[in-house]
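Colleague: Feature table excerpt (TrEMBL):
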DOMAIN    1-79  domain 'VWFD'
DOMAIN    582-674  domain 'CTCK'
DISULFID  Cys603-Cys652  disulfide bond
Amino acid sequence: MYVITTPAGLIIKWSHLTGIIDIHFGFRFNLSSYTEGLCGICNEDPDDDLRMQNGTIITNMEDIGLFIESWEIEKSFEVTMRRPVRNCTEHDCSQCTDLLNRRIFIPCHDKVSPEDFCEKMWINYTYFWNYECDALSAYVALCNKFDICIQWRTPDYCSLSCPEGKEYQPCVRPCEARTCLNQWFYGHSSCLNLREDCVCKDGTILHRPHSTQCIPEKECACTDSEDQPRTAGEIWNGGIDECALYKCLENGSVIPIEPDCDEEPTPVCEREAEVVMGIIDKWTCCSKEVCGCDTTLCETTIPTCTNGQKLIVGHSPLSCCPQYKCECDPLKCPSISTPECREDQFMIQVQQEEPCCFSPFCVCESCTKPVPLCHDGEFLTVDLNSTHFCCPQYYCVCEPNLCPMPLLNCAEDMNLVKENVFGQCCPTWHCEKDDVCVFQEVSVLNPGQSMIKYLEEDFCYTIECLEEKDNHTGFHTLNFTLVNCSKKCDVHQVYTPSPSDYDCCGTCKNVSCKFHMENGTSVVYVVGSTWHYNCTTYECVKTDEGAIILNYTMVCPPFNETECKMNEGIVKLYNEGCCKICKREERICQKVIIKSVIRKQDCMSQSLINVASCDGKCPSATIYNINIESHLRFCKCCRENGVRNLSVPLYCSGNGTEIMYTLQEPIDCTCQWN
C-alpha cells in the first residue's frame, strides 16, 4: 500500500492487494507543507519531485526503487482500476451476491451492503469476475474500515501464501512493523483500520523496515556490509577478493580482528600425482597445507577408439590422473534399414565387423508342428505354397495303387468284397454272399428292386430288396408291404385299377373339383360350377384326365389412391370389392377454420391463429330464354353472412413491444348472388 499526504489533512492510500483507493479526511491542516507522495511534491519545482518520505532527494535514476519503497506503507499487489460503466439492474450480479451472502460475511452487511459493493465494484471490474478470491478480499478490506474482522480464508479456499518465516493473520492493526532498528523504543502505533497481512512468526522480528526477512531477535546485534544479520560473538569473512575477518560485539559494534591460526602438520599425499599445496581458508583466513592434484605429473596414455566407439574420461579415488577408455557409441554406427519380418520370424541383432555395431536380422522360430506319419497307401508331400515359410506344411496323399493286395480265400458261394473306410486310404476286404435278395429260392432281386403280387379285390403287396443284410442267410433282406389301393383316393375322386403289371395300385381320377381356401378349409364343386374368390373367377371343367379347376383373374383399370385423396375424392369399391374408383363429393358452402400466422409490417403473432373463412360449392347455370333469344347466366358465390371483429396480440421485433391487431371474420357463410 502506498500513501499520499496533502496540506488539507487528506491521506490517500492505494492498496495493490484489493485495488482500492482509501481516502481519509478530517486531519489537522498544515498549510506550510505541500501535497507529496508518489506523484512528487506539488511546489512547482521539478528538481525535488523524487523526494523520499525521510526528506532525501534521489538524483540517480537507478535508485528510483528506493523512492517508491519510501512511500510504501504496506505490501500489496497491483490492480488496474476503471471507471464504472455497468449496473446490476441491466447486468447479472447473482454470482457476486451469492458469494457475499455467505454466513461468514453477514456481520459486515449492515456497514457494507453486498448489493452496493456488487454494483459499484464487482460488475465494473471484469478482473473480479474470474478471480472471486480477489473480489472477496476487496469486500473484506472495506469491512476492515469499520473495525470488522472477518476470518474468511481457509487452507483450502483462497489461502494466502506468505514469504518464508512469515505467517498469515486476518486482522492486523499496527501500522509500523517491529524491526531490529526500533525494537527497543517500539510503540504499538495503530493504523486507522484493520487489515490482513503476513507478519513475522512468534520469536522472530523483521530485520529492516524495507526487508521481508524475519530473524530471531538475537541476530539483531549486528548487520554486515551485505546487509545480513549477525549474532553477538559471530565472526565472518567480509572480504571480497581477500580475507578480512570481522566480529559482532554485544553492543552491536562490528570490529575487524586478526585470524587465530593454529599450526597444523603437513599432510601425507598418497594418491598418484598428488602434491602438497598451500591455500587460505575463506572462513578462518588461515593458511593451511592440503593435498592437491598436479596433472602435469600424470603419464596417462590416451587410447585410439574405432569408428563405433567414443572416448570416455573417468577418475579414480586413488589417483589424480584421468583414466581414458573407449566405449561403444551407437550413434556413430552406420544407419541400417530395419527389415520387415514375416509372422513366423522374429528379429535379432547381429554383430557387424565393427564389434560395437549391430544390424537387425530376421530369423525363423522353431517349428512346433511335427511332420505327419503316413499310413498304408499314403506318401509324404509338401504344400508348394508354404515352401517359402520357416516351417513348410507337410501332409500325406492317398495313392490306392500303393495299397497291399488282400490275402483272403473265399468259399464257392461267397465273393471277395472291398469296403472303403472313411478317413482311411486303403479299403478293407472280407468274404460275403452275393449282393442280392432271394425270394422263394427262385426269384432274385438286386438291392433297390421290387416286385408286385396281386391279391383279391383292391389289395396287393410289394416285395422290396433292402440294402440291409440278413445275418442269418447272408443275403439282403426282403421287405413285404400290403397296400389297400382303394383307400388312397379323396372324396372327389374314384379309384381306377392299374393296367400295368409293374404298378401295385391304380390311380385316383377326379370326378369333381376340390377347392382349398386360405383358412385351411376346402369346398367340393361339381363339374360346370363357377365361383369367385379373392378377385379371381374359378370354373370346374371336365377333361379326359378328370375334372380340373380353371381360373380367370379379374383385371381392374389403373388407380392412384394418393392422387384421389389429394383431390378430396373418396375411394369406392366395385366388381365385388376387387376394383377401386375415385368418387368426388360436392362440398356445399360453409364456414371453415384456417390456422395461419398474422403479420403486420415487422409484427407477427407468436403462434397459429384460428381464423374463420368461407369455402364450398354454390349453384351456377346458363339457361336459354326464348323471349330474348339468348342465354341467361347466373352464379351464386360462397360469401360471408355477417362479420365480427377478432383481436390478435402481435409481437413487434423492431422495438420488442406487443400490440393488439383487429381483423374481421365471417359469422356464417351462405351462397349469395354475386
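Note: Cβ is positioned from N, Cα and C throughout, glycine not excepted.
Any TrEMBL annotation is an automated prediction that lacks curation.
Any idea what these are sitting next to in the structure?
Modeller: Mean per-residue pLDDT, taken over the domain 'VWFD' (1-79), amounts to 65.
Residue counts for the domain 'CTCK' (582-674) under DSSP, helix first, then strand, then coil, are 0 helix, 65 strand, 28 coil.
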Colleague: So what sits near Cys652 (disulfide bond) in its own chain, CB-to-CB under 8 Å and at least six residues off in sequence?
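Modeller: Within the chain, Cys652 (disulfide bond) has Cβ neighbours under 8 Å at Asp602, Cys603, Glu658, Ile659.
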